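Look at TrEMBL and you will find H64 tagged as active site, proton acceptor. If you look up TrEMBL, you'll see D65, V68, G70, D72, S74, E86 marked as Ca(2+) 1 binding site. Residues or ranges marked as substrate binding site by TrEMBL: P160. The heme b binding site annotation in TrEMBL covers H190. Per TrEMBL, the feature Ca(2+) 2 binding site maps to T191, D242, D250. The annotation disulfide bond is assigned in TrEMBL to C33-C112, C66-C71, C118-C320, C197-C229. Annotated site 'Transition state stabilizer' per TrEMBL: R60, in sequence order.
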Amino acid sequence: MAMGSFLIPISLLVLAASSAVAQLEMGYYRKSCPDVEAIVREEMVKIISAAPSLAGPLLRLHFHDCFVRGCDASVLLDSTKGNLAERDAKPNKSLRGFGSVERVKAKLEAACPGVVSCADVLTLMARDAVVLAKGPSWPVALGRRDGSVSTATEASDELPPSFGDVPLLTRIFASKGLDLKDLVVLSGAHTLGTAHCPSFADRLYNTTGNGLVDPSLDSEYADKLRLKCKSVDDKSMLSEMDPGSYRTFDTSYYRHVAKRRGLFRSDAALLTDATTEEYVRHVATGKFDDAFFRDFSESMIKMGNIGVLTGRDGDIRKKCYVLN
């Protein structure tokens with residue numbers, strides 16, 4: 001399971017994925033907006049150069065979009081007087097990067113008005129965020145349309161929780177057409193970014209209601225985390241998900257997990273399943289970086305095709321945070 005997929009050409013995976021969503025295609029904007037990828041990349045270079053820590057949040061935005069109603073940019077919509085949108089759901093309260101998406105979208109609107117969807121913009125930005133953080137690149141089939149429905153309830157119900165165990169996470173991933181390998185591979189995205197204390201501090205202070213540290217967490221690492229997070233309610237401090245490397249896309253996340261230093265319960269859970277543990281320990285050796293990059297690219301292509309809207313099933317928003 002761990003490394004066999006390295007031999008599968010990415011081009012074949014794109015073709016296979018595109019057969020499931022036949023209306024997505026490479027070069028979709030070749031006539032209507034031929035410079036779309038160059039425009040996105042140019043703006044992303046400026047964004048990440050100015051704020052390298054945004055690579056993780058922009059990748060996370062794409063994840064949180066695709067797991068709720070598919071990759072339709074519904075996570076970008078603002079709440080209205082009569083509707084609490086996805087971005088205001090509890091699991092999404094810490095999302096960042098919305099302004100960067102609007103910045104890139106504005107550049108595209110100036111070049112190609114009303115042509116490129118916010119869903120495609122977010123998918124391209126996530127890919128470029130990984131590339132600019134020294135990670136892999138992959139081809140992105142385009143042609144997504146934007147959704148018009150966004151509810152906080154759905155986000156709370158459908159997003160994979162940071163406290164999830166492998167059986168729960170497997171069910172959630174399977175409901176999106178993703179398998180166990182995608183679960184352990186996409187968890188590698190935790191190599192980028194930071195997290196607020198409430199998302200993991202229960203492991204430090206109240207694991208079983210007795211105030212003890214989670215036994216699946218390395219005790220020295222727990223001590224370091226407790227110096228930053230003073231309580232389960234401490235919302236002021238951030239911790240790196242991949243200590244010492246949180247701005248670089250690499251395999252050090254797996255080395256931390258293998259040493260029981262994964263930040264979330266969902267990270268620690270990867271060592272409780274034989275299949276995911278095998279993958280973690282293979283990548284943690286540092287001998288399979290290229291293979292992991294390949295696996296990650298393949299899983300990102302699959303995720304980027306979840307529940308996409310195409311043609312008349314969706315819209316092209318002029319501004320990503322509001323319906324036309």
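Glycine residues also receive a Cβ, built from the backbone N, Cα and C atoms like all the rest.
Nobody curates TrEMBL annotations by hand; they come from automatic prediction.
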When distances run from the Cα of C320 (disulfide bond) to each of the binding-site residues E86, T191, D242, the nearest one: E86
Other CB atoms, at most 10 A from the CB of the residue listed as 'heme b binding site': 24
Length of the line joining the Cα atoms of D242 (Ca(2+) 2 binding site) and C71 (disulfide bond), in Å: 26
Cα-to-Cα gap, H190 (heme b binding site) vs R60 (site 'Transition state stabilizer'), nearest whole Å: 9
Between D72 (Ca(2+) 1 binding site) and C118 (disulfide bond), the C-alpha gap once rounded to whole angstrom: 8
Inter-residue C-alpha distance, C112 (disulfide bond) and the residue listed as 'substrate binding site' (nearest angstrom): 35
Least Cβ-crowded entry, counting other Cβ within 10 Å, from the recorded positions listed as V68, C112: C112
Candidate with sparsest Cβ neighbourhood (10 Å radius) among D65, D72, E86, D242, D250, the listed binding-site residues: D250
Subset of recorded positions (S74, P160, C197, C229) lying within 10 A of C66 (disulfide bond), CA to CA, in sequence order: S74
Sorted by sequence, non-D65, V68, G70, D72, S74, E86 residues with Cβ within 8 Å of centre, Ca(2+) 1: H64, C66, F67, R69, C71, A73, V75, G147, S150, G307
C229 (disulfide bond) and H64 (active site, proton acceptor), distance between Cα atoms, whole Å: 25
